[in-house]
Amino acid sequence: MFHSSAMVNSHRKPMFNIHRGFYCLTAILPQICICSQFSVPSSYHFTEDPGAFPVATNGERFPWQELRLPSVVIPLHYDLFVHPNLTSLDFVASEKIEVLVSNATQFIILHSKDLEITNATLQSEEDSRYMKPGKELKVLSYPAHEQIALLVPEKLTPHLKYYVAMDFQAKLGDGFEGFYKSTYRTLGGETRILAVTDFEPTQARMAFPCFDEPLFKANFSIKIRRESRHIALSNMPKVKTIELEGGLLEDHFETTVKMSTYLVAYIVCDFHSLSGFTSSGVKVSIYASPDKRNQTHYALQASLKLLDFYEKYFDIYYPLSKLDLIAIPDFAPGAMENWGLITYRETSLLFDPKTSSASDKLWVTRVIAHELAHQWFGNLVTMEWWNDIWLKEGFAKYMELIAVNATYPELQFDDYFLNVCFEVITKDSLNSSRPISKPAETPTQIQEMFDEVSYNKGACILNMLKDFLGEEKFQKGIIQYLKKFSYRNAKNDDLWSSLSNSCLESDFTSGGVCHSDPKMTSNMLAFLGENAEVKEMMTTWTLQKGIPLLVVKQDGCSLRLQQERFLQGVFQEDPEWRALQERYLWHIPLTYSTSSSNVIHRHILKSKTDTLDLPEKTSWVKFNVDSNGYYIVHYEGHGWDQLITQLNQNHTLLRPKDRVGLIHDVFQLVGAGRLTLDKALDMTYYLQHETSSPALLEGLSYLESFYHMMDRRNISDISENLKRYLLQYFKPVIDRQSWSDKGSVWDRMLRSALLKLACDLNHAPCIQKAAELFSQWMESSGKLNIPTDVLKIVYSVGAQTTAGWNYLLEQYELSMSSAEQNKILYALSTSKHQEKLLKLIELGMEGKVIKTQNLAALLHAIARRPKGQQLAWDFVRENWTHLLKKFDLGSYDIRMIISGTTAHFSSKDKLQEVKLFFESLEAQGSHLDIFQTVLETITKNIKWLEKNLPTLRTWLMVNT
């Protein structure tokens, strides 16, 4: 799954930007695998005290008390029939589940949520063979655990197969989960309906009763009944279509490969497609609503290239004969990797050359790469439980880097990947962060696992490990992992084992070391000679939260190293700092270079302190080469002064990514109280001469964030001086920008960012040019093609007049491009009129003109503006109950609404307001980890201002 708001730029600044066989032995495998994959809990007894068991909806004792299902009944195969009615907006369905019993039991527990089960029967394998009718089963329901119990008349016999049949029905959902309805508007203004599924993590149970846990893999044979004006899609290719009385059609699909329930998918719609074939013969089709089929060309081209790449890289063929990618008009995540039928937000799949920018193209490519990687990581090999979702999400995020670099090098995603790591450091440097692997039991807890820690940090530690082991060894290890656990489930240790043993016999040196390099220290060579230590090292990154700080002190040719836990908002002088440092120790694969040589040196820091000897005297040393390591570096003594001097004298002696890393680390260290703000600001002087777009964008992002912080707090003297400094020092590079779509991807993204900043700061030439283009666009009735990279800027300037704002809202409703709609919606959110902002929020809640899927990002964008911050916060408090009717408590949307409307606060009054609101929610039984994250973030903001405001004021007075 790809989670990201369609309107939140992934450069840590909230903006509207688009930025998510093998059938042999199947009869034998289930019996072989039961012992290794499933075990009966030791506490599993049927004679427990009745008082210990929950009560079903009919008042009877429910025979199971755990959130996790018992493993005494294993599903092998589902026959599923579904008939959705897109007029009455409901569906009827039936299923027959083949199960294998491992222990005697008188009940079968499975998941079901909001389904009306009208009939349930049980047949033994022998009864089925002789066509004997099934025996009626009593159904008990326990909604608190989303479980049902099927009570059997006599105990089921171990090692025998049975068939459970059920008839059921339900309404198509109004939200974004289970089997739900979506709508779209045609070019002619007609509203049409489709029915679509989204099951991850625990919503398959809303569409059919099932064993809805990733460990319960099975095969699925699906039949869908529909009207002739619609098509039906599912995971597998269609085998045949049967014509029924009354004009209905019934599509039968091939039986799936063995897979988890959350990957099942089916859709009934009237979409059109564009298709092509990979070099290995897989048919790839891109589906979209009929009027948007012309926006599917790029997605098809990218999908074909990426699928070919993955088959070669993983040395495993994609196991299905087709792969469909479909753009869903109403879809909560960025995308979902259902095997063979990947569902996307329109903004994550469709590309319109007239309205999609360079960053839009990068976004679409990334999300396609992410979901296609899941066809191996997640689908072919699945985590045993949701506590380890990083095994699929971290890998898919990491494979974006590998795959996009290989297939579209011109997109220069290698440079962009730094942001993936920088984004998560913001959260991981708070005490409220969590380990990558963390227990999660309830549906809400499971949903909360879909966050930056699983995705971004997971990807970053994999990239660090790849850099450490070497690309070839790392690739061999993951191929071994995928082949060993195909169609099975895996856990962390299985991955480390595969990566530890990825050295082939021919790879070893005479000394028994799998990788040899003269720049490695002796402890690095020793480590690589002891492959088992991969697990020992990596568990320090997956089982403890946070990020390490490497403190470096140079003394002649000697380097003294010390590691600490890096914490934002908690300073060394604070009483709690020392306690928060205890028991934290990482095995850090260090890299460093010096002013004397381009050689990259390597060393593993496994202790709190260590000493390194340099081969020669050097004026500076730079750790974390290319920012491949997941750690912050602080240079004590004159270390920072020497690096800043080098940047000012000749910044090109430091590698481009190292310059980005230095800018990032220096400002992060200010937030941790380890450096004064003036030291970090002094570093920005050199940016006048910087030609690398990533470094320029990194520096500008911090300066711009300070400006917005002052603007929201109405600290006008500082905000005006910051504006003056930005326009004074960056005017040459701003004035060099053309209002066009020319240049490399990074040239274009820099242009968008610089011109947006200039117009935000009311730079007269920028405002004048944007207003001129907007007037021409209005006069052309929206037909003028404005360069896509400046489209959002032009719309934002135009939205500042009532006539412009109203016209944009009209165009938003008429537009057939989701990319353009995102840019318009961002522009509308920049209005300084609160009644207009409130209208946008109301339209988002209603969900017709502005789809509810965009509400979280809309609130986030409005809250960042001085005129919108209180409005958005008040709206959330007053409409919390209504918001929970639209989004699940643990959903990404709810978490984004909470953080997006509160995390920018920086006063004690606001901290108290937010704290009281969270306490009131917890009193009602609603608890989320994001509550503590937000409170810590606001506290961090308060402390940042207290510590740095006088310095910022003084520095600006001297430098403007």
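We count from 1, first residue shown onward.
Quick reminder: no glycine exception, Cβ is built from N, Cα and C everywhere.
Annotated features in Swiss-Prot:
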BINDING   E200, G334, A335, M336, E337, N338  substrate binding site
DISULFID  C421-C460  disulfide bond
DISULFID  C759-C766  disulfide bond
CARBOHYD  N85  N-linked glycosylation site
CARBOHYD  N119  N-linked glycosylation site
CARBOHYD  N219  N-linked glycosylation site
CARBOHYD  N405  N-linked glycosylation site
CARBOHYD  N650  N-linked glycosylation site
TOPO_DOM  1-20  topological domain 'Cytoplasmic'
TOPO_DOM  41-960  topological domain 'Lumenal'
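Annotation for N405 (N-linked glycosylation site): spatial neighbours F413, D414, criterion Cβ-Cβ under 8 Å with sequence separation of six or more. Taken residue by residue with DSSP, M336 (substrate binding site) is part of a strand. Listed recorded positions: M336, C460; maximum Cβ neighbour count within 10 Å falls on C460. Among the recorded positions N219, C421, C759, C766, the residue whose Cα lies closest in space to that of M336 (substrate binding site) is N219.
Put simply, the two farthest-apart Cα atoms among E200, G334, A335, M336, E337, N338, the recorded binders of substrate, are 13 Å from each other. For C766 (disulfide bond), the nearest of the binding-site residues E200, G334, A335, E337, N338 in terms of C-alpha separation is G334. Note on the binding-site residues E200, E337: the fewest other CB atoms within 10 A surround the CB of E200. Comparing C-alpha positions, N119 (N-linked glycosylation site) sits nearest to N219 among the recorded positions N219, N338, C460, N650. C421 (disulfide bond) sits 19 Å from G334 (substrate binding site), taking the CA atoms of both as reference points. Comparing local CB density within 10 A for the recorded positions N85, N119, N219, N338, N650, the maximum falls on N338.
For the topological domain 'Lumenal' (41-960), the predicted model reports an average pLDDT of 95. Put simply, N338 is the one of the recorded positions N85, E200, G334, A335, N338 whose Cα lies nearest to the Cα of N219 (N-linked glycosylation site). For the recorded site, C759 (disulfide bond), the DSSP three-state label reads helix. You'll find the Cα of E200 (substrate binding site) roughly 23 Å from the Cα of N85 (N-linked glycosylation site). Counting in whole angstrom, C759 (disulfide bond) lies 29 from G334 (substrate binding site) by their C-alpha atoms. The Cα of A335 (substrate binding site) lies closest to that of C460, out of the recorded positions N85, C460, N650. With respect to N85 (N-linked glycosylation site), the closest of these recorded positions in Cα terms is N338, chosen from N338, C460, N650.
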